[in-house]
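**Q** For reference, TrEMBL lists these features for the protein:
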type	residues	note
ACT_SITE	123	active site, proton acceptor
BINDING	43, 66, 67, 68	NAD(+) binding site
DOMAIN	14-90	domain 'Lactate/malate dehydrogenase N-terminal'
DOMAIN	93-259	domain 'Lactate/malate dehydrogenase C-terminal'
């Protein structure tokens with residue numbers, strides 16, 4: 001059993017004045033069987049009472065949104081904050097990508113640090129595994145197994161992505177909430193920003209102009225992180241099918257955003 005030392009401080013927003021990084025986790029709990037998209041308006045209403053007050057105290061901060069549905073709520077935070085797009089990011093598919101690499105390592109018998117793969121797009125059901133770029137030591141698995149991730153794949157690599165998608169729902173079913181994995185994931189993002197490491201992470205960022213997307217939506221792409229949030233987006237080369245799925249995810253986000261009441 002993991003022991004938790006919890007210290008809860010209740011004060012006014014002035015306590016946060018001058019913050020370099022503000023992590024937003026406020027929101028109502030996701031219910032069993034409830035999709036992240038169902039949470040939108042309830043959590044938007046919560047952010048409306050938080051974001052403007054925080055930014056007023058720390059106008060030079062970077063906002064890191066963790067609340068679900070994270071991509072849409074990061075967009076909401078961006079609109080409410082008035083901050084430049086590079087300084088409003090979401091935890092996105094950083095955890096999804098880590099879980100993906102861990103499952104790769106189990107399947108291949110190779111350490112997770114030697115497995116390279118990315119999950120992009122929405123943090124949720126329509127996330128996109130970039131099978132074309134999955135590699136170990138520079139060897140692209142798609143060159144060995146051209147059907148990787150497809151219905152024709154006899155090695156069933158697509159099952160790994162489904163496990164990633166289902167993992168959060170399974171944790172919620174078993175204990176009612178997620179905590180440890182996302183906590184460690186967000187800590188790695190905070191470290192990259194505060195220490196100005198320029199590490200690459202899959203985070204939710206404004207993707208208008210990327211991969212043929214024209215809507216102002218937030219989705220995850222590999223991004224270089226530093227003291228000013230997103231330094232730049234890594235230009236991945238995607239297959240037409242991967243691009244199509246990413247664009248479909250963007251369309252879905254835009255449709256949901258259109259119904260948000262600010």
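The backbone N, Cα and C atoms fix where each Cβ goes, and this holds for glycine too.
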**Q** For the domain 'Lactate/malate dehydrogenase N-terminal' (14-90), what is the mean per-residue pLDDT, to the nearest integer?
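**A** That stretch averages a pLDDT of 92.
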**Q** Find, for the listed binding-site residues 43, 67, 68, the residue with the lowest Cβ contact count at a 10 Å cut-off, counting only other Cβ atoms.
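**A** Comparing Cβ neighbours within 10 Å for the binding-site residues 43, 67, 68, 43 has the fewest.
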**Q** Give me the Cα-Cα distance between residue 123 (active site, proton acceptor) and residue 68 (NAD(+) binding site), rounded to a whole Å.
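**A** Spelling it out, the Cα of residue 123 (active site, proton acceptor) and the Cα of residue 68 (NAD(+) binding site) are 9 Å apart.
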**Q** Please list, in sequence order, every residue of the chain apart from 43, 66, 67, 68 whose Cβ lies within 8 Å of the Cβ centroid of the NAD(+) site.
**A** 24, 25, 26, 27, 39, 65, 69, 70, 73
**Q** Which secondary structure state does DSSP assign to residue 43 (NAD(+) binding site), in the simple three-class scheme?
**A** helix
**Q** When DSSP states are grouped into helix, strand and coil, how many residues of the domain 'Lactate/malate dehydrogenase N-terminal' (14-90) land in each?
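**A** Each residue of the domain 'Lactate/malate dehydrogenase N-terminal' (14-90) counted once, the result is 38 helix, 11 strand, 28 coil.
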**Q** Sequence gap of 6 or more, Cβ distance under 8 Å: name the residues on the same chain that satisfy this around residue 66 (NAD(+) binding site), in order along the sequence.
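**A** In sequence order, the residues whose Cβ lies under 8 Å from that of residue 66 (NAD(+) binding site) (at least 6 apart) are 23, 24, 25, 90, 91, 182, 186.
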**Q** The record lists 43, 66, 67, 68 as binding NAD(+). What's the largest Cα to Cα distance among them, in Å, rounded to a whole number?
**A** 11
